Amino acid sequence: MEGTLFPNRPAFPNQPSKPTQSSKRFKFNPTTLPIPPQSPPTPSFPLDPVLKHLMYLSSPPPVTTHKSKFVKSAQINNTHVKKSDNKLKYQEFEGAHFGKSGSVATPVLEKTKIGALQVVDDELLAFLPKRSKFVLFEILEQPLSSLNAYFESIKFELIDVDFVSVLKGLDVTGNWEKAVCLFEWNLLNFGVKNDKLDDQSIELMVRILGRESQHSITSRLFEAVPVEDYSLDVRAYTTILHAYSKTGKYEKAIGLFESMKEQGLSPTLVTYNVMLDVYGKMGRSWDKILGLLDEMRSSRLEFDEFTCSTVLSACGREGLLEEAKSFFAGLKTLGYVPGTVTYNSLLQVFGKAGIYSEAVSVLKEMEENNCPPDSVTYNELVAAYVRAGFSEEGAAIIDKMPQKGILPNAITYTTVIDAYGKAGKVDKALSLFKQMKKSGCVPNVSTYNAILAMLGKKSRSEDMMEILCDMKSNGCTPNRITWNTMLATCGNKGMQIYMSRVLREMRSCGFEPGRDTFNTLISAYGRCGSEVDAANMYEKMIKAGFSPCVTTYNALLNALARRGDWKAAESLIQDMKNKGFKPSETSYSLMIQSYSKGGNVRGLERIANQIYDGDIYPSWMLLRTLVLANFKCQSIVGMDRALKELLKNGYKPDLVLFNSMLSMFARNKMYDRAHEMIQLIRDSGLHPDLVTYNSLMDMYARMGEGWKAEEILRRILKAGENPDLVSYNTVIKGFCRQGLMQDAIRILSEMNIKGIRPCIVTYNTFVAGFSALGLFQEVNDVISYMIQDRCKPNELTYRTIIDGFCRAKQYKEAMDFVSNIKEIDNSFDDRSLERLASRIREAEMLY
């Protein structure tokens, strides 16, 4: 199709000889032009089946007890830990201190029962007093779900028993969950100040939860226990700090860290690494990070790869490009030899900003220094490409990785799938997903979340069901992000009523809202136009103990941008800066959208100059947003400059940008510039879509070249494509402007046969065409046809008609027509009638 419409020299279709008006005359009445069938109701997004399926997948399996064997849990020195290809900075930390139990083979200890007492390996439970051993076995016999009731029934026995030894017995027999239940029951029944809760029991509980990586439980438990009042060792404090970091309780972590130092405890390298991560995730804390680094130097603690990668990751989150470069250069000056993990973190800094040229330079430096790249290296390189708008180049890396001896993993595929989804290329994303599975790469929960988000935006509920079934067949359990994705799906107008229900079901499945959940809710309510709900959700987030971050501010900015409230958006940006946050490219992009929606051209020009001057980094996202914002403001000069800057920075425009430029040139009848856009589309290797063709037809229609517009319509149909309502309306407009009303009606008839219903724009176009020719009887036929088609005329319809009367100097007929409008539509308000009458009086006085 591209070859026929866009030959080597881009030219529009040659104008055929103009046929005479069709011998078959069409009229606006049900005999010659049947009323089109009613359109089926717009399908609503069926949330219920998707939600029920997600609840089923999220529900924990039934608790079972095994009475035949005890499995001893892994010891503290177990170094096995599940490693992430994307986040390596805590492998050593988690491996040394927080490895999961059951990850190494352990001896199976048989037991027999003598009366009420069970006998197990004496060596395993030799430390237990007889009474404690008896209570332990009784607890082991109880299912987890009924433990609290059982504890109440033996409350007085538990008061006398050695609490720590029972906890330890539950731990070594592989029943850490029952140990947590016992600890929580004691806390709830006897409060934080009781004899059972001493330094030893708390350290033991911390060690158990840390080894099991139960960060949320640790955070919840030790928010209730004033751990700073106990004499715990550094390792226990570090475990709790790590849990706070993982669950977003950054202020709690900072308070505990300061309390630990006040007690005279010296933080270890691992402790400092955790706190660097806390400040990095919390944001607006670069000075705090520098302060911690100075403390580490003063304590003569040498930075390791996790220290360096954590600092660089903090820079990446905040967009601190210069700070990252300076820190990295300083490390090398001090003789530090970066490893793969550190280089990967630097790659992530440039990847998040979409600076693919810098990312390529980092890879080159790694190769020159004989530092072997790994899958994370290529994943970050792919991320850099897709964030710069080069999704196809990012996808190409997937094919090149095996040549380097590295197979693409789930993160590699997910990055490109997500990029395709955000660009609206759903079919390409699903095709890559199939390729991923065919290659033997197992999708992870992030892959499924990206696809569900993409399908949710398109309201493709059946496909979402298929993806959820695929999750189940692959044994992939939904996580909190999956539920956040479902909440985001409810961010379409009219669906906000479902958000509270989804949130309730999410909690029922054991997923407590995190800061990311609140950010999702704020953004979703903003997209629905519910600014009050978005603000309320922000207040709830603060009350829940979560600090706002840049993402939170961006969610609020999104709500303001949608209504064009640029003044409030400016205030919010200033508030971010006052509180030490650095606005991200998303923040500035939303600010640009606020100016555009609010019609503030000066504000748009001001932020554009900051970007062009380099005060704000000219990322692909920002330059692309500037092109589209200037399009909405109908500024050809602004669009031109933004596109030139985008190309100058080495970025690749997408089809949306080209279509926007083409549409602008079409509106302004700029024939040569339209040719230029077509050539750029060809040179970029892109394929024109229906929007491209509609813009071309619009240009011809505006130039009075209805036949050329129809020629493009015919070529679209010949290629097997499906023109839409805009396509037909555009051709009809072209004929109506030329006064070729029979050809316009012929296109309308064809449109009806195709099952495409006309809209108010279609009918108003006919009204304008007949009125311009002074054919007012035909205008009345159009009005009658509209009413039969249940398409009520609007004020523009009537204004167009009276303008036609006035041009024909038929002022009395115009007034008579206005007087009769109430007979046509008794709901038409009197104020609008008065406006129409005033229009006639003004025209009569003028002419």
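Each residue, glycine too, has its Cβ placed from N, Cα and C.
What TrEMBL says about a protein is an automatic prediction, not a curated fact.
Lifted from TrEMBL, the feature list:
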COMPBIAS  14-23  compositional bias 'Polar residues'
COMPBIAS  33-42  compositional bias 'Pro residues'
REGION    1-42  region 'Disordered'
REPEAT    233-267  repeat 'PPR'
REPEAT    268-303  repeat 'PPR'
REPEAT    304-338  repeat 'PPR'
REPEAT    374-408  repeat 'PPR'
REPEAT    444-478  repeat 'PPR'
REPEAT    479-513  repeat 'PPR'
REPEAT    514-548  repeat 'PPR'
REPEAT    549-583  repeat 'PPR'
REPEAT    689-723  repeat 'PPR'
REPEAT    724-758  repeat 'PPR'
REPEAT    759-793  repeat 'PPR'
REPEAT    794-828  repeat 'PPR'
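Two recorded stretches are said to be in contact when at least 3 C-beta pairs lie under 8 angstroms, sequence spacing 6 or more; the repeat 'PPR' (549-583) and the repeat 'PPR' (759-793) fall short of this definition. Residues of the same chain lying 6 or more positions beyond the ends of the repeat 'PPR' (268-303) and with a Cβ under 8 Å from any Cβ of it are 89-90, 93, 96-97, 234, 237-238, 241-242, 244-245, 248, 250, 253-254, 257, 260, 310-311, 313-315, 317-318, 320, 323, 331, 336, 547, 549-550, 579-582.
Using a cut-off of 8 Å between Cβ atoms, the repeat 'PPR' (233-267) and the repeat 'PPR' (689-723) share fewer than three residue pairs, counting only pairs 6 or more apart in sequence. Within the chain carrying the repeat 'PPR' (444-478), a Cβ under 8 angstroms from the stretch's Cβ atoms is held by residues 43, 45-47, 49-50, 53-54, 57-58, 410-411, 413-414, 417-418, 420-422, 426, 429-430, 433, 436, 485-486, 488-489, 492, all 6 or more beyond its ends. Each residue of the repeat 'PPR' (689-723) gets a DSSP state, and the totals for helix, strand and coil are 26 helix, 0 strand, 9 coil.
Under DSSP, residues within the repeat 'PPR' (233-267) fall into helix, strand and coil as 26 helix, 0 strand, 9 coil. Secondary structure of the repeat 'PPR' (759-793) per DSSP, as helix, strand and coil residue counts: 26 helix, 0 strand, 9 coil.
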